[in-house]
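Engineer: Sharing the record's features from Swiss-Prot:
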BINDING   30-33, 51, 87-91, 415, 481-483, 497  ATP binding site
């Protein structure tokens, strides 16, 4: 076991503080509309240019192991805020540094760290309650666009694209961000249930130019096993042929005699039919087939449920206004399922998302929810160079997450204004605390609430303390617009922050800063001296 280097008390706190400060200094320059970029060297390829706080934080690793512990803890603040709210990582880092730096001064002066932490926690609860009171729900397309624009560093094009995507797919829909091949940033929306399985034979196509099979007013047969023989399959085919409607068959696989029969009927009898493999694998496949059944108002024909293919009737088949099948994917538009059943299924999936601990499972469940409830929007980000594209893609990601957070919990006046508006409420609460050190802990939070606003002002080349005093002297929604160097009503000006982002940033910052304040010892490995570890080769340095 390697020997350890241990630091105690004042020495430990100084090391943590240096690490926290080093990371925070690199991250906080990106805050606000006039925040600067950070260029990150990469081991291969061109350097990365970013204004995203969590991206900067993740790249920082300090040489001194004790200082690095402090930096890693603040990195955790940024990561946790990104995980919970998807944005606000720079604000969280600024708050964490402000709470820890002020707390450290008081611990050094003799305050009890445990009481300070209790005071900090109580103050944060008061501020969070006040934030929820100030918050107002998102009601209009315009507000969504404003939130996205602010989060994308005042890029109105990105803001409008995200608002349009949200409007088209709804709050349960899925918005994904991809790299485009051209210069333009565009939005593609796939409405209805879409899955990446195409037709099993090109003979099913109805449009030779687009190589697609389009079925109008189609019936949908959903079966969870392979179909290879024609005997069991024939009764349902005859019923569909008599009805005169087209048929989409979704099964684990369709092969041999069954596939040949479908192709022959398509070519010779003009029977409008298309066969595709079921999406997904294992239990996820079964769940997706059930989703399709509910969406189309049909039944999943499953032998596990005592159903047999030969006994299938027309009433068991799903129905859809339109089905589009290409070589690679299938889209079911306007499934005619019962609306209440679809909503109940969506609620069930939401519950599974809440209960799931796996990020991968959550992502897959979210995809299923999106396909059932609204559709999928893809924002394809274009730019002149790869470096610019990556930087723009980061901003689109931030804006997308901020928008979802705003829809979930509402919006606040932005630019650090909302936290400053909580100062009078917290000031009134502090005298209620009976423990003196708890009062000091609450005052630490009180002072930290103005840190994001001061940093936004500093990045715009202004004196933060003066700007903060001016904002405090004004009415509720009025704040400092750093882009235009003016005081304005932040809600009317469209400078908005999602409530969830502000709340998560404060909670994460206070949690980690409180832990750091109550730290009394640091234990790290002593680095090995690599120069003396390898023995000299025999005969090295001799002349022959």
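One is the number of the first residue shown, and numbering goes on along the chain from there.
Cβ coordinates come from backbone N, Cα and C, glycine included.
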Engineer: Select one residue from 30, 90: among these binding-site residues, choose the one with the most other Cβ atoms within 10 Å of its Cβ.
Structural biologist: 90
Engineer: Check residue 497 (ATP binding site) against DSSP and tell me helix, strand or coil, would you?
Structural biologist: strand
Engineer: Can you name the residues of this chain that are 6 or more positions from residue 51 (ATP binding site) yet have a C-beta less than 8 Å from its C-beta?
Structural biologist: 30, 35, 36, 37, 38, 153, 391, 394, 395
Engineer: Would you mind listing, in sequence order, the residues at least six apart from residue 88 (ATP binding site) in the same chain with a Cβ closer than 8 Å to its Cβ?
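Structural biologist: In sequence order, the residues whose Cβ lies under 8 Å from that of residue 88 (ATP binding site) (at least 6 apart) are 81, 402, 497, 498, 501, 502, 504, 505.
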Engineer: Using DSSP and collapsing to three states, where does residue 90 (ATP binding site) fall: helix, strand or coil?
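Structural biologist: Note: residue 90 (ATP binding site) is helical by DSSP.
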